[in-house]
């Protein structure tokens, strides 16, 4: 019963669409009607500005971290914290509060890693930041970090200092997270191939922006 309650709490926590509510409450703007129509960090940055975008990213990330830490704080050892964190990701992608139309899982997934394997989170964050600096594309940077996560998982002996050891649950959850992130970025991948992906005002690739209207 405790585990089911934790899963429900994590899912509902993940279902909170931070960018959407910030837009409606403070800007009287529905993110679904502007930019890409997504309620995640990137579109929030683009439509509502840096402050709203930063808050959205931090809150969405902390949803995952909090979900992972809940069973640890409560002393519940019958279930892996990763499983609880995973349901926060599911809530973020398929939120009950907004008709099961949510974000792309990146920030909340990052939060899950932060709560469970902080050094690994820092490593992938550096990969994300470097890729973003080189390409100015958040979508490509997110996909790259996700794929690098899989590669490093497959080559564990080379990065053993980042992880305590092989964990079947961690491996399974990470693989699913990567697949979800790639699936949720299908449209972005198509725009990247056509050189039409939206850029952000950061990094080296700022002169080729051709945003989707």
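The count begins at 1 with the first shown residue.
In case you wondered, yes, glycine gets a Cβ from its N, Cα and C as well.
Since this is a predicted model, take the numbers as computed values, not measurements.
The feature transmembrane segment is assigned by Swiss-Prot to 3-23, 54-76, 83-100, 110-130, 142-162, 163-183.
Here the transmembrane segment (54-76) sits against the transmembrane segment (110-130); at least 3 CB pairs are under 8 Å, leaving out pairs fewer than 6 apart in sequence. Using a Cβ-Cβ cut-off under 8 Å and counting only residues 6 or more beyond its ends in the same chain, the transmembrane segment (83-100) has close neighbours at 6-7, 10-17, 20, 39, 60, 63-64, 66-68, 70-71, 107-109, 111-112, 115-116, 169, 173, 176-177, 180, 184.
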